[in-house]
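**Student:** Quick paste from TrEMBL:
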- Gly9, Gly10, Gly11, Leu12, Ala13, Gly14: FAD binding site (BINDING)
- 4-383: domain 'MnmG N-terminal' (DOMAIN)
Amino acid sequence: MAHDIHIIGGGLAGSEAAWQLARRGYKVRLSEMRGGGDMTPAHQTDGLAELVCSNSFRSDDDEKNAVGLLHHEMRRLDSIVMQAGEVARVPAGSAMAVDRDIFSAEVQRALTEHPNITVVRERVDALPDSGPTIVATGPLTAQSLAESIVTATGSDRLAFFDAIAPIVHRDSIDMSKCWIQSRWNKRTEASNEDGDYINCPMTKEQYEAFHQGLIDGEKTEFREWEKDTPYFEGCMPIEVMAARGVETLRYGPMKGVGLDNPYDTTEEHPQGRWPYAVVQLRQDNKLGTLWNMVGFQTKLKYGAQIELFRTIPGLENAEFARLGGLHRNTFLNSPVVLDRQLRLNKAPHIRFAGQVTGCEGYVESAAVGLMAGMMAAEEMAGRDWTPLPRETAMGALLSHITGDADATHFQPMNVNFGLFPPFEERVHKKARKEAYTNRAKESFGRWLEGMERVPA
Ligand SMILES: Cc1cc2nc3c(=O)[nH]c(=O)nc-3n(C[C@H](O)[C@H](O)[C@H](O)COP(=O)(O)OP(=O)(O)OC[C@H]3O[C@@H](n4cnc5c(N)ncnc54)[C@H](O)[C@@H]3O)c2cc1C
């Protein structure tokens with residue numbers, strides 16, 4: 001079958017993109033290397049849309065949770081991932097969990113039975129020179145294709161250990177204990193007026209207890225195949241640094257020099273003394289709602305992270321938009337190399353979708369695949385794409401990866417309310433999550449009405 005568009009990668013994003021295009025009447029060639037003699041180090045089967053680790057699509061609460069809201073929007077767009085998820089659903093409280101084999105089989109059935117989709121079990125080794133293409137090869141993109149992407153984008157490398165440091169919601173930080181200042185008050189043109197870092201000071205006792213907590217905390221182990229991948233820019237998990245000696249962090253990411261603690265003033269230091277140690281947070285998005293714990297990439301287990309990081313002064317009630325982690329990943333510096341419609345700036349016939357664009361998570365990857373499929377369909381129909389409003393979950397995620405994130409420190413991101421534009425009027429904290437979802441649903445409904453409805 002001659003095809004209108006080539007999709008590379010039959011994971012969550014590629015499968016969803018194929019479905020969206022096929023439903024709109026476009027003929028799709030879907031190339032998946034598993035089943036054609038190749039495998040990734042994490043996949044176990046040849047099935048399309050295989051879930052490589054947990055079986056959870058996380059919260060299904062579309063009233064108070066950002067990923068639940070993403071489920072809602074995807075359902076409204078007839079997502080195959082959400083439909084197959086319903087078929088494969090297993091009990092998991094307010095979360096949506098699935099039987100991974102049934103889920104994958106259901107996606108595969110829907111795609112292979114669709115007359116507009118041809119699934120070809122083949123590895124693609126280079127980006128096509130022409131013709132509409134969607135690349136959705138995921139965090140474990142095969143080496144040859146990764147090299148071709150590196151050449152096309154001009155990046156120096158694509159696969160590395162993802163140094164994920166935790167991200168904290170700004171409004172959960174207790175600013176009566178922390179202050180904003182850049183070390184030595186250094187400024188650049190892009191600096192905020194007061195400084196660029198939130199500083200959480202620690203006394204000697206607090207630091208020593210914290211250091212011990214890092215040493216004792218439960219860690220996740222590297223898998224065998226992860227052992228050969230280099231760290232990204234020499235980044236080191238914080239607990240590995242801590243294990244080198246009690247002072248190592250005080251000369252590294254936790255050094256207090258050049259920071260004047262306004263809560264610790266003396267006659268000699270009216271501006272404030274330098275803290276014994278400090279935890280710094282750096283703004284992570286343009287909205288200023290999310291702050292990244294600088295240098296805190298970690299392999300501590302999630303429960304251990306929450307417990308330990310909430311002992312940091314000012315973070316006692318911290319809410320984490322994302323916790324730290326370290327695993328092999330492959331992703332583009334999307335804010336720089338992609339346009340707002342996920343097209344490669346240097347080769348706009350190629351779109352990217354899924355985790356390789358710098359989103360994080362099964363649902364997010366599928367959502368970006370869904371958007372890429374819709375965008376490609378609109379383009380092939382000769383219509384202008386109507387941008388998704390920023391207040392929607394899909395719009396917020398897309399805005400983040402295609403431009404709003406800080407490109408110099410770009411890291412994969414889960415959907416969360418910190419990516420949504422804040423309210424202009426004051427909304428009480430308790431009512432905020434519901435207010436976000438109400439606003440998003442209204443906005444999404446208007447956007448959907450404006451789009452041409454597609455017959456199922
Ligand atoms: C080890 C690991 C564990 C993870 N655990 C979770 C988790 O528990 N929960 C969660 O929400 N997210 C998790 N993620 C993150 C992410 O959500 C998943 O990786 C998700 O599957 C990404 O979807 P995707 O469609 O972008 O990529 P994938 O689902 O990986 O799909 C990409 C597809 O492309 C194929 N492919 C690769 N290169 C080529 C090529 N050159 N030619 C043809 N086909 C190719 C692959 O075989 C694969 O089928 C994990 C990631 C990793 C690496």
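Just so you know, glycine gets a Cβ as well, placed from its N, Cα and C.
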**Student:** Residues with Cβ closer than 8 Å to the Cβ of Leu12 (FAD binding site), same chain and 6+ apart in sequence?
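**Tutor:** In sequence order, the residues whose Cβ lies under 8 Å from that of Leu12 (FAD binding site) (at least 6 apart) are Ala49, Leu51, Val81, Gly354, Tyr362, Ser365, Ala366, Gly369.
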**Student:** By a simple count, how many Cβ atoms lie within 10 Å of the Cβ of Gly11 (FAD binding site), its own Cβ left out?
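**Tutor:** Gly11 (FAD binding site): 30 neighbouring Cβ atoms within 10 Å.
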**Student:** With a radius of 8 angstroms around the mean position of the C-beta atoms of Gly9, Gly10, Gly11, Leu12, Ala13, Gly14, what other residues of the same chain does the FAD site pick up?
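**Tutor:** For the FAD site the neighbour list reads Ile7, Ser15, Glu16, Ala17, Glu32, Leu48, Ala49, Ala136, Thr137, Gly138, Ala353, Gly354, Ser365, Gly369.
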**Student:** Excluding near sequence neighbours, so keeping only residues 6 or more apart in the same chain, what lies with its CB under 8 A of Gly9 (FAD binding site)?
**Tutor:** Ser31, Glu32, Val135, Ala136, Thr137, Gly138, Thr141, Gly354
**Student:** Which state, by DSSP, holds Leu12 (FAD binding site): helix, strand or coil?
**Tutor:** helix
**Student:** So what's the average pLDDT for the domain 'MnmG N-terminal' (4-383)?
**Tutor:** 91
